[in-house]
Structure formats: structure tokens, C-alpha cells
Amino acid sequence: MQQIFNFILKNSNRLLFLLLLVVSLSLTIQSHSYHKSKVISSANFFTGGIYEKVNNINEYFGLRAQNEELAKENARLKSLLFNLKDTTKLPEIDTIKGVKKTDIIVSKVIHNSYSVFENYLTINNGSSSGIKPNMGVINSAGIVGIVDKTSKNYATVISILNVKSQINAKIKKSNHFGSLIWNGKSTGFVQLIDVPRLASVRKGDTIVTGDQSVIFPPNIGIGTIENVYTEEETNYYTLNIRLFNDMTNLGHVYVLKNKDAEEILNLEKQSKKDEQ
Amino acid sequence: MNSNVIGNIARFILLLAAQILIFNRIELFGFINPFPYILFIILFPVNGNKTGLLLSSFFLGLLMDMFCNSGGVHAASCIILAYYRPAIFKFSFGLSYEYQTVKLNDSLTPERFSFILIAVVLHHSILFLLEVFKLSFLWDILLRTLLSTIFTLITCIIIIYIIKPSKR
């Protein structure tokens, strides 16, 4: 017994080092698997609060650009409205019961990272505004990412510039779809992989979100095709896509709340269970 | 002794704040950031409490991880640097470093430079290796480690020169 105590006392620093190393490595491994570590993120009240304070000051430097962006979006929406056949008629509601399928929550990016392989944004709304993990985030130009973790007043978003992110997307013209990933190289480009060779792709074609995702509604802009490659092993196309969004400069974003998401996911889970 | 502790706490907070508010936003060429917050571990008194250094560098790294959303990579590389610091001291200053009063924030000699260089390289290679966790990005890891090391080294030396106590 005495010897055990002596051993612990003599090697206390080494044991402490090993303990801390195990803790930090397990945190690292957890962060690489899909959202598990809750505490170590910039969505908690301390880090989120500091980022919000800093952003409050930084915001003033980008007011002109933000205003221009909003004015442009207004103009686009107005033009959509004026080109309706009957301008007094409101857009039709989607389902029989008269419930809208998608709710929109306005939020603001208070921290943005784009220099590492796994990039996250922090936004200043959280579970108290109804934001939950796995909701889509877009802005006026196109998609931004998917909500990862939430706290009461803040949430982190997996940016599309994250090597972990994978989003269903399609070619607008032909409806051929693939998976949208990021190869970690440039902040202006993402890649669409697994596009069948049958698809006719041309430089400059528009890529939009696909119909298979419950996170994003279909036909939200992503970018345009810049280059086309053929994968040697799989014989599928890989497309290099120039983003509509400037991911290094984000202001206001919209969080999309798909009201049917839970129902669809439950149904899919049910049918998977029945198969087994 | 007491002023030493207060000085360390002040350094901890100031370096962390400077790292988050200034150095994390530099993004030179889009992907290179310096990490001068590890100056806290480098400048910790040579004969200081080792347990205290280990614990404080763990929390320094953990706070960095919270702000960067990076899991535990900063914490891991910080405690590895803190644990192997005596070995680097021994390598750079010779065996009897504990009996000399090594003052790092003084004029730059080859010994001091080699100490800072090895510390930065050790920290950065573990940091970027853990951050990516995939060997398919090996060249990217090496490139980032190299460029960030150079950048951090320059920032560290500039900071040391700026905060050098002016006593002659």
C-alpha cells in the first residue's frame, strides 16, 4: 500500500500528464465523430457571449455591404412578386390543412472560420428561438451550412466548407443529383461527386439543392460548374463548383425549419426497423 | 512569488485574448494563422511549479478549443508541449539549465532561438496532425505546419521584444 502511494506521489506529474492527454484526445476523437461533445463548442454562453460582443463592434464596418445585399435581395423578391399573374393574390399555401412547410428564423453570424479543414460558424440564436440540430442555414445568395449544436442563445453551424459536410445537390437543368463535399483546398469552391456519366454537364450550369434532403427545401442556389473531371475508379463525374456565396464574408442568415422533418425521419426509421 | 503568480495569470488572459481577438483573424493567404498564445507555456518560469504548468496549459488549450470549435486538439498539443518543456530546455541550454537563471525574455541568443523553435515545431506538428486526423491530407498538413511555424516564430519573437522589461 505504502509503495503504491509512493509511486503515485513520485510520478504525480507523469500521471497527471497522461490523464490530461487522455481527456483531450478523447475530446478530439469525439469531435471527429458526428455531433457529440456538447460543452467544448463556441455555442456555450461564455464563448458565444464574447463572440457576440466582438461582432457588435465589427458589424459597423460592414454596414454598407450588408445594406446593398439586402436591397438586392429585396429587388429580386419584388421582381418575383410583380411577375405573378395576379399581384393581389398571395402565394399559395402548400398543404391541404393550410400549414406552411418551412418556417424561417432570421439570425446573424457572430463568428466565422474558413481557414481549417473543419470549419464552423456561430450564430446568435439558439434553442430558445426554436433552432434544433440538423436544420438548414442559407443566406440571400445560397446555402451556408447545417446546424450542429445549440445552446439556449447560440448555435454552431457546420459550414459547407467542412470536410465532414455532405449535402444532397442536383444539376438544375437535368435533375441528376450527387453529393456536395469540400476537398479543403479553396474557400470559393466545393465539389459535387458521384454524378452519373449520363448527365450532360457543361461549364456554367447551375447547381441547386436536391429533392432528397429533409434539411433543405429543393432548388436553393449553390453555385455554378467550373470544371468537370471523371473519377478513374468509379467512372462518375466530379464537378468543381464555384459558390454563389462568399463564405469569408457572411452577415445575416436564415435558419430553415422543415415542419415535416420529424415525421419523415420517424417514418424512415420505422420502415428500416420493419425490414430487419 | 506572489507577483510571479499574478504575472502568469495576467499573461494567460492577455495572450488568450490577443490570440482570439487578433491572431485568429489574420488568415494570411486564406489559411495561415500564427499561434503566439503558446508563449504562455514558453515563458513560464523555469523553476515554476510543474503541476501548475500542466494544469494551466490544459485549460489554456481547452479555452482555445472552445473558441475554435476544434474538439481537444489545442489542449492535447499544449499539454504535450508543457510536459516535454524540461527536455527541450535540457537540449537547448545544456544539462545544468535549472541552476542557471534562464531568462527567455532577453536578447536573442542561439540557445533561446533554438528553444523557441523546437517548442513551436513540436506544438504545431501535433496540432495540425490531430486537427486533420487523416493521412490523405499529408502534404497539406506538412505545408500548413511549416508555414504556420515560421509565422508563429516571427510573431513570438516580436512579442518577446515588445514586452521585454526595460531594465539595464
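Backbone N, Cα and C define each Cβ position, glycine as well.
Where the annotation comes from TrEMBL, it is an automatic prediction and has not been curated.
Residues or ranges marked as transmembrane segment by TrEMBL: B:28-46 (among others).
As annotated by TrEMBL, transmembrane segment applies to B:58-84 (among others).
Sequence-remote contacts of a segment are chain residues at least 6 beyond its ends whose Cβ falls under 8 Å from one of its Cβ atoms, and for the transmembrane segment (B:113-135) they are 35, 38, 41-42, 70, 72-74, 76-78, 80-81, 84-85, 88-89, 91-93, 104, 141, 144-145, 148-149, 152-153, 156-157. Feature annotation from TrEMBL assigns transmembrane segment to B:113-135 (among others).
Look at TrEMBL and you will find B:141-163 (among others) tagged as transmembrane segment. Residues of the same chain lying 6 or more positions beyond the ends of the transmembrane segment (B:141-163) and with a Cβ under 8 Å from any Cβ of it are 23, 28-29, 31-36, 38-39, 42-43, 104-105, 108, 113, 116-117, 120-121, 124-125, 128-129, 132.
Within the chain carrying the transmembrane segment (B:58-84), a Cβ under 8 angstroms from the stretch's Cβ atoms is held by residues 12, 16, 19-20, 24, 37-38, 40-41, 44, 119, 122-124, 126-127, 130-131, all 6 or more beyond its ends.
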